[in-house]
Amino acid sequence: LVLELNRVIIPTYGTVPDQQNQQNLHTPEWADFDDKPDSLFFSDGQRRIDFVLVYEDENKKMTHKRSDRKKQKRKRQVYESNLINNGLQLEATRSVLEEKLIFVKVHAPWEVLCTYAEVMHIKLPLQPNDLKTRDSAFNWFSRFFRVDENIIKPEQEFFTAPFQKEHLSNFYIQDKDTFFNPATRSRIVHFILSRVEYATKNNVKKFGINKLLDTGIYKAAFPLHDSSFRHPSTDPNCPSERYLLYREWAHPKNIFKLQPLDFIRKYYGEKIGIYFAWLGFYTNMLIVAAVVGVGCFLYGCLTKDNCTWSQEVCDPNIGGNIIMCPQCDRVCTYWNLTITCESSKKLCIFDSFGTLVFAVFMGIWVTLFLEFWKRRQAELEYEWDTVEYLEQEEQVRPEYEAQCTHVVKNEITQQEEHVPYTACGKCIRMTFCTSAIFFWILLIIASVIGIIVYRLSVFLVFSATLSQHINGTEAIRKYLTPQTATSVTASLISFIVIMVLNIIYEKVAVLITDFELPRTQTDYENSLTTKMFLFQFVNYYSSCFYIAFFKGKFVGHPGNPVYWLGKYRNEECDPGGCLLELTTQLAIIVGGKAIWNNIQEVLLPWVKNLIGRCSAAARAEKVVPRWEQDYHLQPIGKLGLFYEYLEMVIQFGFVTLFVASFPLAPLLALINNMLEIRLDAWKLTTQFRRMVPQKAQDIGAWQPIMQGIAILAVVTNAMIIAFTSDMIPRLVYYWSFSVPPYGSHSSHTMKGYINSTLSVFNVSDFKNASKPSSPWFGNQTTCRQVYRDLRYPAGHQHQYEHNIYYWHVIAAKLAFIIVMEHVIYFVNFIISYVIPDVSEKTKSKVKREKYLTQKLLHENDLKVVKKNMGKIADKIIKGVDSTFRPKAE
């Protein structure tokens with residue numbers, strides 16, 4: 001193995017061979033297109049195309065100087081020559097539609113595949129799985145939603161082991177052409193393409209297809225789809241897997257069907273497969289949450305007519321006689337409590353006992369989801385041969401290797417190894433990257449503060465002008481209050497700011513992560529994931545946190561209001577409460593985000609492909625090969641499914657963090673995800689080139705991020721119920737302040753709740769800066785203080801200070817948060833302990849596979865050694881016998 005590594009790997013990183021100076025580079029074979037549009041082979045019909053490189057003929061380029069074109073051509077020729085030196089076979093064909101384009105088809109022979117499969121520690125079949133599988137109790141039900149097994153046949157299960165050429169006979173090889181499936185072949189070829197050198201400048205090696213793509217030497221590099229998605233391949237030997245995926249998975253008619261995950265993994269690789277496995281599992285778990293959420297919502301709808309405090313607000317004899325103090329300085333007027341009648345009815349739907357039950361349920365649901373996903377993920381790790389992937393198989397990134405110029409001693413092996421930076425250099429990089437991240441987070445916070453200032457300033461404008469312009473339209477005045485107008489416009493502006501900052505920061509995060517220079521692709525993606533989510537968390541959730549926990553909490557009272565930045569009076573909640581405003585904010589951000597993402601992810605690639613098809617009008621007249629059809633599809637991008645994960649985890653945060661304000665959130669997420677699965681499948685299958693298949697052991701850094709969200713969700717929902725809703729004040733009134741010694745009712749009741757929560761303020765105590773300019777209602781000398789405020793009335797010895805009811809409510813809120821958190825955390829701990837991360841069935845399979853690996857690969861070696869030793873011993877014995885045997889007379 002060491003000799004093979006030296007023979008294969010060292011030339012990959014060596015200098016450009018002497019052939020460069022001798023003008024004697026290896027060049028690809030040239031062949032004309034054979035008019036077979038579905039062919040996946042070289043012109044000889046024998047060698048399979050594993051990868052395609054596309055470049056523009058340098059002699060026909062008009063955009064660069066002649067000297068630059070010569071340099072580019074030289075680098076390309078050296079690169080292709082080195083690919084041939086590494087055992088790959090190349091065949092070039094000129095484009096059918098564009099004369100200047102040349103397609104270089106790459107084929108990896110059997111020897112190259114075997115050598116690099118061993119280098120990459122790829123696990124391949126040893127023998128068929130002989131463990132009996134027990135059918136689940138739900139199999140009879142799920143079969144109605146599964147893909148027809150006659151169309152997509154189930155994949156045969158094998159025990160596998162890392163490939164070794166010396167043990168070739170022990171592997172399950174029925175046909176050399178199919179032993180390495182197309183996805184594995186493409187991954188091996190991409191591994192070689194990423195590490196072959198094309199130039200050396202100032203003793204710095206330049207290598208890899210990615211850099212050649214970035215500099216424009218090659219226009220594209222991709223593996224081939226195996227057929228059109230519209231119809232099966234005309235080649236009888238082609239399985240037409242792309243067509244089957246579109247028909248049985250990506251087509252909208254399959255929206256209620258289960259996904260063929262093994263088939264997806266076979267075609268696109270483990271990284272794509274595990275994303276769709278996770279998304280499908282998350283969507284299935286949302287069904288339970290959606291059913292409970294709808295039940296709680298219906299409970300609120302059915303009980304809203306029995307909502308006593310809402311009836312008092314709408315009662316003209318109670319709410320109609322309560323005059324409220326202005327909510328801003330000078331321009332705001334006094335207002336009647338009955339204005340809030342409609343919003344109070346809506347609030348009864350969401351601010352009910354059902355919401356409390358649902359918040360507790362979701363705190364437990366999120367733990368069940370994560371624990372059951374761990375079990376499912378462990379099953380996929382075994383079935384898809386990624387159990388020991390990170391330790392054995394993942395290779396160092398080419399960008400990291402290219403910068404390895406410093407020599408350090410490994411503490412474990414005590415041998416020298418090359419690293420890209422010293423300890424001091426690493427500290428400098430980390431300091432710079434951390435500072436950049438904090439700068440952008442502060443920029444987001446600054447934008448949130450700007451939106452708050454907008455809310456405060458525009459509220460004055462709406463208060464002064466809105467009522468004048470809609471004076472004659474009572475129906476509109478009923479709903480379009482200054483608070484509603486301010487909330488909706490601020491939410492729309494917040495959404496636009498979020499999207500703009502999002503676009504800018506995506507590029508900044510990639511630059512920061514590239515500067516960090518992570519060692520492996522998994523490290524790179526985890527680092528980028530952490531940065532992007534931290535930014536997105538602040539970007540998307542900051543406005544929701546402000547409305548839920550800060551707005552209307554620090555407003556003072558009419559005689560002594562609190563001012564923001566010393567100028568703007570701190571804003572109060574909408575008359576219906578901040579809970580409805582939080583729901584509005586969530587609806588606008590989540591809905592707008594879903595529409596924006598669908599436009600960005602689906603509509604734009606479709607439009608680009610449509611424009612490409614229209615511009616190539618000659619395509620309808622000429623037969624176009626498969627590689628050229630795929631070239632005109634959209635590239636998938638360097639980050640692959642990163643943005644799909646990000647979109648879903650952000651949604652997961654909205655569903656869990658603020659679910660107490662909107663029980664229908666899981667239902668909307670369920671509907672969105674059912675569409676998202678098919679849209680992502682349709683996009684991958686029809687609009688994008690085939691991705692380079694990649695291994696993935698799990699969903700990476702998204703798992704700990706979701707665990708962090710799950711812990712935070714318990715706190716946020718407890719605080720929303722305690723501080724944003726009116727549930728706790730109502731309960732305190734019902735049990736303590738409706739009856740003596742504090743109340744006058746003989747039994748526990750909600751009657752009188754509204755009157756007891758609205759403090760009395762004497763209008764003569766207004767300061768000149770905040771005194772309203774509008775006329776006063778009749779001869780009344782008092783108005784009611786800030787909505788749902790609890791203060792002593794004017795004339796009391798502690799006037800305008802918080803009363804005993806307020807302190808009872810605060811104590812009850814804190815007690816509720818502590819109790820709810822501890823109960824849910826305790827239940828979650830029990831669930832985590834009871835549900836193991838790996839099922840017994842999976843453990844048995846792993847043990848069986850390790851036993852077979854040891855038996856087949858190691859014990860066979862011992863048998864060979866024993867056999868050879870036995871022959872040597874027989875020879876020695878024969879030699880001894882012949883030496884001591886008496887001579888014949």
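Counting starts with 1 at the first residue shown.
Glycine is treated like the rest: Cβ placed from N, Cα and C.
If you look up TrEMBL, you'll see 41-261 marked as domain 'Anoctamin dimerisation'.
What TrEMBL lists as domain 'Anoctamin transmembrane' is 264-849.
Per TrEMBL, transmembrane segment is recorded for 275-300 (among others).
Within the chain carrying the transmembrane segment (353-373), a Cβ under 8 angstroms from the stretch's Cβ atoms is held by residues 278, 281-282, 285, 288-289, 292-293, 295-297, 299-300, 303, 655-656, 659-660, 663, 666, 703, 706-707, 709-710, 713-714, 717-718, 720-721, 725, 727, 820, 823-824, 827-828, 831-832, 835, 837, all 6 or more beyond its ends. The transmembrane segment annotation in TrEMBL covers 353-373 (among others).
Remote same-chain partners of the transmembrane segment (437-464), defined as residues 6 or more beyond its termini with a Cβ less than 8 Å from a stretch Cβ, comprise 327-329, 331-333, 482-483, 485-487, 489-490, 493-494, 497, 501, 505, 508, 512, 531, 534-535, 538-539, 542-543, 546, 564-565, 568-571. The transmembrane segment annotation in TrEMBL covers 437-464 (among others).
Annotated transmembrane segment per TrEMBL: 484-505 (among others), in sequence order.
Taken from TrEMBL, the feature transmembrane segment applies to 648-671 (among others).
Annotation comment: TrEMBL describes 705-724 (among others) as transmembrane segment.
The transmembrane segment annotation in TrEMBL covers 814-835 (among others).
Taking Cβ pairs closer than 8 Å, the transmembrane segment (484-505) reaches residues 440, 443-444, 447-448, 451, 454-455, 458-459, 462, 466, 532, 535-536, 539-540, 543, 571, 574, 581, 584-585, 588-589, 592-593, 596 in its own chain, all 6 or more past its ends. Residues 279, 282-283, 286-287, 289-290, 292-294, 296-297, 300, 350, 354-356, 358-359, 362, 366, 533, 536-537, 540-541, 544, 548, 579, 582-583, 586-587, 589-590, 593, 702, 705-706, 709-710, 712-713, 716-717, 720-721, 724-725 of the same chain lie 6+ residues outside the transmembrane segment (648-671) yet bring a C-beta within less than 8 angstroms of a C-beta in it. Averaged across the domain 'Anoctamin dimerisation' (41-261), pLDDT for the predicted model comes to 86.
Away from its own ends, the transmembrane segment (814-835) comes close to residues 359-360, 363-364, 367-368, 371-372, 375, 710, 714-715, 718-719, 721-722, 728 of its chain (Cβ-Cβ under 8 Å, at least six residues beyond either end).
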